[in-house]
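> Mind looking over this structure? Questions follow.
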Amino acid sequence: MPPKKADDGPKQHPIIGRFGTSLKIGIVGLPNIGKSTFFNVLTKSQAAAENFPFCTINPNESRVPVPDDRFEFLCEHHKPASKVPAFLNVVDIAGLVKGASAGQGLGNAFLSHISACDGIFHLMRAFDDDDIIHVEGNVNPVRDIEIIREELRLKDEEMIIAALDKLEKVAVRGGDKKLKPEYDIMCKVKTWVIDEKNHVRYYHDWNDKEIDVLNKYLFLTSKPMIYLINLSEKDYIRKKNKWLIKIKEWVDKNDPGALVIPFSGVLELNLQDMSDEEKQKYLEEKMTQSVLSKIIKTGYAALQLEYFFTAGPDEVRAWTIKKGTKAPQAAGKIHTDFEKGFIMAEVMKFDDFKEEGTEASVKAAGKYRQQGRNYTVEDGDIIFFKFNTPQQSKKK
């Protein structure tokens, strides 16, 4: 039975954020809340984790493998010579303080580090420890969220005012009709962010033209945010802490739809020093589990990233692409010749491959697809690209 041809996918709408796949997610929060400890555990690196503000001056950056059972299955099946998973780029950014947008602490430098990131792990402290000072004097994660929220908004306010001043001179007083639509959109952004004191991402109905303008400026408050609550090991295991409900209520009211993930930096740090067997035994005894994999996967998805697989005895590899990527551009991730000479993508769904067991069986079951240049690649697709070169037709 010949492979089936499928219809081209629907038109994709633009996404707020930087286009590309080398995207970063930054760990943001006040000083002394466990950011560097979390970064060390997440990346298994040894960034300084001292007990004083601003111990992280230059942002530490690391690549973290994205856990995926599908990748592990393909590696076990093919037993390849090379295994390359997808990676999440994580940046540990020094603690912000109240007044950072006005230059307090090392505020301007830190805010520029956030600007270079594409998403935010907003870390907050919900544990008491007399040995670890809190920059605000006491533990109150809801207050801490408000501080970070306002500092990011104030920095965007500066950018919006400066942009509008420039646009008004050219588009309004100068009569440049080409820039008038951008001026009108920025006026709407000003109303939302400055007058109504919201974050850009709180508004979910920006149209395509508005998103194009937002992506020109890449405001801090447009970046996707995941809220991470750092608990004591005791509170995390028993799933009880007086701040959990208060934080969830704040997020539901102010940033609806955003994810809130409780974790314990101390627990994760302790688990890191254990063997796999000791770790499993400890977690079973405590009737709890690590959430690091969940945090990594959530951060990767928040950047609007996904991946397809190429798989065989030589290599199993996850290729990172932006959601909505068409087949020729996905092929170009492997080699520019694949995109230039693209003929088709031969696609298997992972679940079909796992169920049928072999490529031949997938074909025999009529589940093997030939896709054209308008096909939108889906997360977990297993793809073989056919392409032309000046010499001959090739296949990977």
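Each Cβ is built from the backbone N, Cα and C atoms, and glycine gets one as well.
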> Which of Leu220, Leu231, Leu244, Leu259 does Swiss-Prot put in the same ATP site as Asn32, Ile33, Gly34, Lys35, Ser36, Thr37?
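Of the residues offered, the record points to Leu231.
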> Can you dig out which of the ranges 107-114, 267-274, 291-298, 379-386 Swiss-Prot describes as motif 'Nuclear export signal'?
267-274
> With the cut-off set at 10 Å between Cβ atoms, which of these binding-site residues ends up with the most neighbours? Options: Asn32, Ser36.
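Of Asn32, Ser36, the one with the most crowded Cβ is Ser36.
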> Give me the largest Cα to Cα distance among Asn32, Ile33, Gly34, Lys35, Ser36, Thr37, Leu231, the residues the record lists as binding ATP, in Å as a whole number.
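With Asn32, Ile33, Gly34, Lys35, Ser36, Thr37, Leu231 as the binding residues for ATP, the largest Cα distance is 15 Å.
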> Let's see if you can do this one: DSSP helix, strand and coil counts over the motif 'Nuclear export signal' (267-274), in that order.
6 helix, 0 strand, 2 coil
